[in-house]
Amino acid sequence: TPASRSITVDKTLPAISGTDVPQTSDRTPDLSGTTDVADGTSITVTDGANATVCTTTANAGAWACTPSVDFPEGVNALTVTTTDPAGNSNSDAFTATINSTPVLNQQWWCGNRCTANAGRYH
């Protein structure tokens, strides 16, 4: 009699997400997100030109890494990607916004000597 064998085909995409980085002056901000891949599974973050920004591994349903190069000023489009052991790959788009322009703090500038007059400080 012929032998029979059953196989399972896994077509389920792994879950992966990146957390948007709000406006920061740090040109190499910590990047992070969540995933459902097994601990130790490789995760890669790329920029809008598809250049690798950082790589890391999944750990307890999360991932985190620090860019190896400075981000330019403005909104930086990023993509995080992972592949599960069955070869299913998935990605998620997120952003990191860099604004290194200093903000003038009125209190620092004139201390308690300023008075408001029609929206202008003297």
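Including glycine, each Cβ sits where the backbone N, Cα and C put it.
Per TrEMBL, region 'Disordered' is recorded for 1-36. Tertiary neighbourhood of the region 'Disordered' (1-36): same-chain residues 43, 45, 53-54, 58, 61-71, 78-84, 86, 88-100, selected by CB-CB distance under 8 Å and a gap of 6+ residues from either end.
Taken from TrEMBL, the feature compositional bias 'Polar residues' covers 20-36.
According to TrEMBL, the feature domain 'Bacterial Ig-like' maps to 22-98. On the 0 to 100 pLDDT scale, the domain 'Bacterial Ig-like' (22-98) averages 97 in this prediction.
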Secondary structure tally of the region 'Disordered' (1-36) (DSSP, helix then strand then coil):
0 helix, 12 strand, 24 coil
